[in-house]
Amino acid sequence: MTDQDLLAQIELLKKENAQLKEKLKSQDDEQLSLEEYSRYGRQMIVEGTGGVVGQLRLKKAKVLVVGAGGLGSPSLPYLVGAGVGTIGIVDNDIVDTSNLHRQTIHNTAKVGMLKCESAKQVLKDLNPHVNINTYPVRLGPENAFSIFADYDIVMDCTDTPLTRYLISDVAVNLGKTVVSASGLGTEGQLTILNFNNIGPCYRCFYPVSPNPYAVSSCQEGGVIGPCIGLVGTMMAVETLKIIMGVYNNENFEPFLLSYSGFPIQSLRRFKMRGRQSKCQTCGDAPVITKEAIESGIIDYNIFCGSRNYNVCAEGERLTAKEFDENYGPEFSGNNKVLLDVRPSHHFDISHFNNAVNIPLKELRDMDGDISTLQSRIPNINKNSEVVVLCRYGNDSQLATRMLKDEFGITNVKDVAGGFFKYIDDVDQSIPKY
């Protein structure tokens with residue numbers, strides 16, 4: 001074969017390739033119905049989104065959302081509204097009244113319903129073209145790989161370090177990109193992990209898990225709905241950008257978005273380091289493999305630690321009814337102290353009139369000095385009878401142990417289940433927040 005023949009064949013192949021591309025493009029165009037053109041037209045005409053090609057990418061995409069709460073709630077409608085073809089929702093929690101100020105995908109009529117099913121109902125009404133899969137299970141090493149396998153992108157809308165490490169580890173092993181965020185109070189953070197399987201992953205950023213006693217939840221620290229809602233919406237934006245091809249291997253740089261809502265709204269973007277060669281999950285010699293995760297060799301509970309609240313003996317605890325019958329909310333007087341160790345802003349919302357409020361952190365900072373404690377509670381001494389309560393009966397156990405072991409007060413009991421258990425079992429007229 002002469003060089004001229006070879007060049008002719010190359011030109012012929014080029015033409016055939018161009019014709020094939022046109023045919024495939026035509027087939028792709030036919031995959032959008034007239035109704036879909038109308039539905040998505042306003043986003044297809046935005047420059048940089050890829051037009052019809054970008055919309056078809058959305059239609060073919062499969063996104064798994066882990067958590068239908070504060071972050072998942074605002075993310076999901078925008079993903080479904082934009083036309084992401086398949087959405088999976090992992091959440092075994094049920095809708096509670098306390099969720100509704102921020103998890104606006106749910107409503108009062110859905111209280112007691114599984115969050116994933118509640119969300120599915122709303123999303124199917126929003127866009128019937130989207131396939132919604134629900135997984136009413138707790139995500140764990142035993143099921144994460146099978147659930148993740150069918151999806152292109154995983155959105156981490158969870159609220160615990162343990163689950164964040166698990167999601168990132170599994171995603172790296174499966175080559176999945178993760179859009180991860182967190183929110184608490186008036187602040188939030190957002191990042192993209194393992195982009196196109198080139199990193200970095202969550203362990204690259206945080207090789208050591210935070211102290212479990214330093215990690216708060218929205219149940220403990222509170223949350224302003226629009227603040228976490230904004231972070232969830234930004235998660236949806238980043239996910240759409242990944243699907244539409246706005247990011248690629250050449251222009252993507254690891255980042256962390258940090259949002260603060262109060263007192264003045266601010267949004268800052270920080271450049272983050274890339275994949276770490278010594279990372280145990282995505283580094284040069286990974287040890288956190290699929291086999292290690294599924295077999296339990298990687299113990300996330302041990303790695304992340306957990307708060308051990310079970311520090312009181314059975315005789316040191318009172319049920320809510322025992323407290324009411326033997327002590328009661330009016331318990332006070334000489335050598336009698338009803339101590340509430342909730343944060344002061346919790347105490348201000350609702351409390352027993354005779355209770356003295358010293359938050360657990362302030363009690364801990366006293367370092368067992370009885371004279372410092374007496375400056376706050378003049379009638380307390382080592383022979384006093386003390387009953388301790390908190391919101392749920394966890395911090396009160398730690399405080400009971402502290403009062404006995406560090407302050408030397410011998411007669412101390414805590415109320416199991418705390419202030420809220422008393423409301424549930426004894427007096428439901430007290431405000432429960």
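Using N, Cα and C of the backbone, Cβ positions are placed for all residues, glycine too.
Per Swiss-Prot, the candidate among D91, D150 that belongs to the ATP site alongside G70, S98, N99, L100, H101, R102, K115, D159, T160 is D91. In three-state terms derived from DSSP, C279 (Zn(2+) binding site) belongs to neither a helical nor a strand segment and is classed as coil. Cα of R102 (ATP binding site) to Cα of C390 (active site, cysteine persulfide intermediate): a span of 25 Å.
When the Cα of C282 (Zn(2+) binding site) is compared against those of the recorded positions G70, S98, L100, D159, C390, the shortest separation belongs to D159.
Counting only the Cα atoms, the space from C390 (active site, cysteine persulfide intermediate) to C201 (Zn(2+) binding site) is about 38 angstrom.
C204 (Zn(2+) binding site) is surrounded by 25 other CB atoms, counting those within 10 A of its CB over all protein chains shown.
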